[in-house]
Number of protein chains: 2
Amino acid sequence: MFTGLSAFPLTPMNETEIDESAFSRMVSRLADAGVDSIGALGSTGSYAYLTREERKRVAQLAVAAAGTTPVMIGIGSLRTAHVRALAEDAQNAGAAAVLLAPMSYQQLTADEVFGLYETVTRELSVPLCIYDNPGTTHFTFTDELHSRITELPKIGSIKIPGVPLDPAEAAGRVNSLRSQIPSTVTIGVSGDASAAIGLNAGCDVWYSVLAGVLPKPCLALTRASQNDDRKTATALSNRLEPIWELFRTHGSLRVVSAIAEYLSLVESPNLPQPLRGLAEAARSRVADALQQVDLL
Amino acid sequence: MFTGLSAFPLTPMNETEIDESAFSRMVSRLADAGVDSIGALGSTGSYAYLTREERKRVAQLAVAAAGTTPVMIGIGSLRTAHVRALAEDAQNAGAAAVLLAPMSYQQLTADEVFGLYETVTRELSVPLCIYDNPGTTHFTFTDELHSRITELPKIGSIKIPGVPLDPAEAAGRVNSLRSQIPSTVTIGVSGDASAAIGLNAGCDVWYSVLAGVLPKPCLALTRASQNDDRKTATALSNRLEPIWELFRTHGSLRVVSAIAEYLSLVESPNLPQPLRGLAEAARSRVADALQQVDLL
């Protein structure tokens, strides 16, 4: 399941509850659009801000709404004991895979992170995707650590941060990692602005924030690259540049939250406080960008 | 209560439970030693790794074991709604103050952090200490933001990170912050290696990791500085240099965990996984350092 386009939906909420019907509608919309998989409770799905009970419920809703589209569930937590419980809940909910980031409060050592994956994979019956996201976890993987972890059972994919924007450098990055991990483990690019470059450089999958709200242009980009039409993939990404620019300025989460509001997929506000949605001026720029890229 | 020496105890635990009797004994020991306050569920108390129920229980135990010594309870969490619940629990447990760090997963803006403190202080009946710890929260306060937040009601102190090791620079840092906050708000130094410099530079309180396991030398240092005997305070800190060196290498939490084991205050392991205690070689260096500084 770790190939093609994996779309990461928001988990819309207010201070007292999750908007379950909006979430289910968003997941169904992604499945209907034909994405290859759905990554619920990723960073964009605000997993880190929810209780175990809330996460169990969201996992159940995601699997129910996704139909035959496989669902990956984020199981990251600061404490290993809690990750194990979340893994059990995700599997009981019918997750086809789990996604695990080494969340940190105290800085983690490489051995501690290896130990986390070793403990969790020992008990898994579904494959796991390593979530390498230093921007939120403040842990930086080395390729050597990826190599050690991918020797564990059940590791199916690595979700890497954005690749270098130079195509040759990107290919160097992907090939270097690929040479150090088993051939059964796929490499997925995130950092949407570098997705076309990553896919063209040989990444197997795009773990996409934007696809959670705008699956169609992301599918077109992914399919072009899968068909070896790199030029079209690059052109489709360049067309989305006004969106990437907003991602760089405000962070992708706040921007897709505003896009989802603009598309009336969710109510406002929909992020967990203390996070705030975009201010009015930035919201206008989001609307302008959407009209500019002609995606509506 | 935000003056003098505030000692931050460990919350010893294994993968299934908190070692409640060891925790209570450690808190009583600190009160008996005569520290001015106890900071339970700080970073050293692993607050970020515990459930709401566990934190409620630890707060109750801390207040009970501290006797007449005032107890400050850490209420940080990624989500504002959870911080509010933890504040309520801490106050119900009898906390004399609460300590709040702006924990982050998604990067926070200054307005979001201000909003967190605004929401939480509105409901508080005890004073709050701002916990400025970029090493664990990955949020960097500006003095301008400290100024805005300290205008809110109930703000009693700011726990700042380590000060510059040059005494003149340290005084400049403390005086600059002091000029931008109300006179009712105290400034507390953390980063134990710079505590003597911070106190000598005019900090009102030392929020101390080491005092959680070795209160006596930390009290001696604090009292010397309070009596304007800067030379003795500096000498006492210099004597602890073998400990500060271990803090720099391994992080203060893992070192005080090993010290607490060495002193038979706690069992091994006592940190929440994925965190691990020190390896055998480092543990020997801890024992050597303790003998070298002659504190046992």
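Residue numbers in this text run from 1 along the chain shown.
Heads up, the Cβ atoms here are built off N, Cα and C, so glycines get one too.
TrEMBL entries are annotated by machine, without manual review.
Of all Cβ atoms in the protein chains displayed, 28 besides its own lie within 10 Å of the Cβ of A:TYR131 (active site, proton donor/acceptor). In the three-state DSSP classification, A:TYR131 (active site, proton donor/acceptor) falls within a strand. TrEMBL lists A:TYR131 with the feature active site, proton donor/acceptor.
Feature annotation from TrEMBL assigns active site, schiff-base intermediate with substrate to A:LYS159. In the three-state DSSP scheme, A:LYS159 (active site, schiff-base intermediate with substrate) falls into the strand class. Take the CB of A:LYS159 (active site, schiff-base intermediate with substrate) and look out to 10 A: across all protein chains shown you find 27 other CB atoms.
Taking a C-beta cut-off of under 8 Å and a sequence gap of six or more, A:THR44 (pyruvate binding site) has these contacts in its own chain: A:PHE8, A:PRO9, A:LEU10, A:VAL209, A:GLY212, A:SER252, A:LEU253, A:VAL256. Taken from TrEMBL, the feature pyruvate binding site applies to A:THR44.
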Rounded distance in angstrom between the Cα atoms of A:LYS159 (active site, schiff-base intermediate with substrate) and A:TYR131 (active site, proton donor/acceptor): 5
